[in-house]
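**Q** This is the structure, below, for whatever I ask next.
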Amino acid sequence: MSEIKLIVGLANPGAEYVQTRHNAGAWYVEELARICGVSLVADSKYFGLTARAVLHGKDVRLLIPTTYMNLSGKAVGALANFFRITPEEILVAHDELDMPPGVAKFKLGGGHGGHNGLKDIIAKLANDKNFYRLRIGIGHPGDKNKVSGYVLGKAPAKEQELINAAVDEAVRSTEILFKEDMVKAMTRLHSFKAE
């Protein structure tokens, strides 16, 4: 497996979106930055907040695009092109409707599952889907017509606690990924379910 050189947390910009479910990917990158002791700084060249971190002696770039969700690929493409980072070296963290709050899973490749952020990233990586994802469960409203309002809404306190617990476990698993490998990181994360 390629080493991960870029970790992206998907989000919508602006104070009104900070606590919305769609921003779960950004919560993960913010927590990673915090444990690495680095600050995410706005960089217009990469259309996002970026930082350079070191995890277990390995360099990694952190990125939260500040474009809207459906333009996330603009930021990912700009940073990946500049640093010559291949899709296989990218991990994209995003909210996942098809998993309950309290669960998170790593995955390599696959489609976008209707997620506009992933859709744009795939397009801007020349339709290469072969990047890693960290899927952070937010649950599903049960009706596809309610999805937009659901992802742009705030989770109730109990659900938010479960999502936060899964994000924390994902951060711990990311440390294992950098210290050991993806198989061990997956084994750890995929056995976790916050109650």
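Heads up, residue numbers simply count up from 1 along the chain you see.
Cβ atoms are placed via backbone N, Cα and C, with glycine included.
Okay, so Swiss-Prot annotates it like this:
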ACT_SITE  H22  active site, proton acceptor
BINDING   Y17, Y68, N70, N116  tRNA binding site
SITE      N12  site 'Discriminates between blocked and unblocked aminoacyl-tRNA'
SITE      D95  site 'Stabilizes the basic form of H active site to accept a proton'
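Mind running through what each feature is packed against?
**A** In the three-state DSSP classification, H22 (active site, proton acceptor) falls within a helix.
For Y68 (tRNA binding site), the number of other Cβ atoms no farther than 10 Å from its own Cβ, over all displayed protein chains, is 16. Y68 (tRNA binding site) falls outside any helix or strand according to DSSP and counts as coil.
Of all Cβ atoms in the shown protein chains, 21 besides its own fall within 10 Å of the Cβ of N12 (site 'Discriminates between blocked and unblocked aminoacyl-tRNA').
The Cβ neighbour count for D95 (site 'Stabilizes the basic form of H active site to accept a proton'), using a 10 Å radius over every protein chain in view, is 25.
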**Q** In this structure, which of the binding-site residues N70, N116 has the fewest other Cβ atoms within 10 Å of its Cβ?
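**A** Result for the binding-site residues N70, N116: minimum number of other Cβ atoms within 10 Å at N70.
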**Q** Just checking the recorded positions N12, Y68, N70, D95: which sit within 10 A of H22 (active site, proton acceptor), CA to CA?
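**A** Final answer, ordered: N12, D95.
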**Q** Applying a 10 Å Cβ distance cut-off over all chains shown, what neighbour count does Y17 (tRNA binding site) have?
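**A** By my count, 17.
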**Q** Three states by DSSP: which one describes D95 (site 'Stabilizes the basic form of H active site to accept a proton')?
**A** strand
